[in-house]
There are 2 protein chains.
Amino acid sequence: MERRRFVTSAALGGAALGAVASVLPKPAIAQGLPEIKWRMASSFPKSLPALFGGADFLCQRVAALTDNRFQIRPFAGGEIVPPLAVLDAVQNGTVELGHSTPYYYVGKDPTFGFGSTMPFGFNERQQMAWMRQGGGLELHNELLKGYNTLGFPAGNTGAQMGGWFRKEIKTPEDLKGLKMRIAGIAGNVLAKLGGVPQQIGGSDIYPALEKGTIDATEWVGPYDDEKLGFYKVAKYYYYPGWWEGNAMIWTNVNRDKWNELPPSYQAALETASYDAYSWVLSKYDTENPLALRRLVANGAQLRPFSREILQAAYKASFEVYDEFAAKNALFKKTYESWKAFRDTEYLWFQVAEHSFESFVYSQRTAEVRAKK
Amino acid sequence: MERRRFVTSAALGGAALGAVASVLPKPAIAQGLPEIKWRMASSFPKSLPALFGGADFLCQRVAALTDNRFQIRPFAGGEIVPPLAVLDAVQNGTVELGHSTPYYYVGKDPTFGFGSTMPFGFNERQQMAWMRQGGGLELHNELLKGYNTLGFPAGNTGAQMGGWFRKEIKTPEDLKGLKMRIAGIAGNVLAKLGGVPQQIGGSDIYPALEKGTIDATEWVGPYDDEKLGFYKVAKYYYYPGWWEGNAMIWTNVNRDKWNELPPSYQAALETASYDAYSWVLSKYDTENPLALRRLVANGAQLRPFSREILQAAYKASFEVYDEFAAKNALFKKTYESWKAFRDTEYLWFQVAEHSFESFVYSQRTAEVRAKK
């Protein structure tokens, strides 16, 4: 399936544009196109240079593509809109554009989870393939239409870490009563396993962990986690983040504002989103390994989740999905597309991709050991 | 390291542009920007819908971004330029733009290999991270400058398959005397292992394999391989393609022509390349699993390369790199950057990414077995 354009050139033809352009000043370059200034509300703070940096990169690309006539100013989470209220602000037109991740809104509808990631779901490549060529983008925009917005993928963190724990976790029994800061649908899964999921904003996590108000927290991965200093108060750093094999970031546009854009500005916003996506992902992939080394040097203890824990969480995740699907028609429709695509992707990725990586990583590990 | 702009806006300011624009017709939209028509020579045939489709997608995006004022027409391999002569055609200005993969030109300089992929090198994410944020793009453009061109990543196939063999290959001994169609630096590695690498164009491979003139061939992966029908004459389909953990496709632009472009058209070409990159990759990731299923249903016998063969090839590859590095200063400089980045990436990717995937694939395989 190919992606579709939301608005064709015909929807905003030359006549309409001419009318807009005629009342605007006309400098030497691109004098036929209007000067437009938009505001973008991001869910992310400036202290996350890959995520907020991605918003900044996107706005700069749109400016470059339009000879600075379409100017978007990015605002960090909390500057003009609270981090978790970005979707509402775009929906009601407070800002034209948002920069966020859909699973922040699973309280409105669990179907938002598919736009970011689902526990035991896709890796980054699989998520993007489903979005661009497997029908995911159309399904997510069907959901967004109910909020008078539309969206494009604009970043990804890659697979995240399982987070920071004050004590070692060895069996599913150890999760019972565990108070953990954890986002999105993973919270439902943790609750099914007997844990106590907590929703806590970024800046409040460290003191809660230090005091023992919570026993564990997940955040993103080494690069972002390092900045919040969790290793000082909860030294066990677990992997993998089974609830986030990838996490997709999006630009969300108010539909009325979108429809007012000239087609070339619409194209600029869409294409710059995919460019920013690659920029954000490559930023994480470059910085995470360096940060992981520093964290381990500072005393973080790397621990894999046991197979027993992973299997219990896997079972609980699919039970949660079935429960949502029984109550929510769009969740069910999206889940069925996601699940069928996942089965097919897993078949292929374990042949060439996974066997290549398994060999090169084991070979490299053997080399490092031989040098010691 | 952040990527740099090749030409700043200052290099082609409003005055120069105005002079160009004044002699051109001025329709209602974007009348300040010139109408430009370019030709893009691709190395790939129309029968490869992900690769040539990527060229087509890119040209359409550039048109959409510029209100159809910057029009690029893509030509398939052989239409106006032979598939392996694209770089020369861009260098000498026969076409303004090329769409190809650098390792087609390792005969000119083995350093081109790094632009596409190297045996036992990066997966797709790692290749892009090195390019965009690890200095790879600057190094590759240092090489391209000697050919009066510059380039942007514009597609990737993902990990490729190891190709089609008439007989089973079990030990490194079985590679001795093996006549195999194989591209790029992997040919040097095969020769070191006692094999006989052959350079054969796409359309000539099938008859050579059928007659037994060659014993084996690699091409891309299931989606592209299926179209050439190799499974009918060489049923053993090996994985992984250890010489291509990813394969990056590029747009290459003649530097003089690039310098003539208005800055917003330069931005359009660059940003559309990254958008096309994602389109091509997601196309492969969507189509490969479906094609693999069909190939197996049609009698292809999937076989993993033995660890013994992979280890012999690994050793031979790094010997080949050391030999090139001893003779070629730019190869050495690029190799050192690549190798250091690879060590760091491997450390990180095996923690969260690989452990997540190892679990979900094994779990899925267990489910499929349980259903049978």
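In case you wondered, yes, glycine gets a Cβ from its N, Cα and C as well.
Listed by TrEMBL as binding substrate are A:Gln160, A:Arg181, A:Glu244; the candidate from A:Glu124, A:Glu210, A:Glu218, A:Glu270 that the record includes in that site is A:Glu218. Filtering the binding-site residues A:Gln160, A:Glu218, A:Trp219 for a Cβ under 8 angstroms from any Cβ of chain B leaves A:Gln160, in order along the sequence. Residues A:Gln160, A:Arg181, A:Glu218, A:Glu244, recorded as binding substrate, reach a greatest CA to CA spacing of 15 Å. Neighbours of the substrate site: apart from A:Gln160, A:Arg181, A:Glu218, A:Glu244, residues of the same chain with C-beta atoms within 8 angstroms of the site's C-beta centroid are A:Met161, A:Gly162, A:Gly163, A:Ile182, A:Ala183, A:Ala186, A:Thr217, A:Trp219, A:Val220, A:Gly241, A:Trp243. Here the Cα atom of A:Gln160 (substrate binding site) is found 8 Å from that of A:Trp219 (Na(+) binding site). With the fewest other C-beta atoms within 10 Å around its C-beta, A:Trp219 stands out among the binding-site residues A:Trp219, A:Glu244. Taking a C-beta cut-off of under 8 Å and a sequence gap of six or more, A:Glu218 (substrate binding site) has these contacts in its own chain: A:Gln160, A:Met161, A:Gly162, A:Gly163, A:Trp164, A:Met180, A:Arg181, A:Ile182, A:Ala183, A:Ala186, A:Gly241, A:Trp243, A:Glu244. Within 10 Å of the Cβ of A:Gln160 (substrate binding site) there are 28 other Cβ atoms, across all protein chains.
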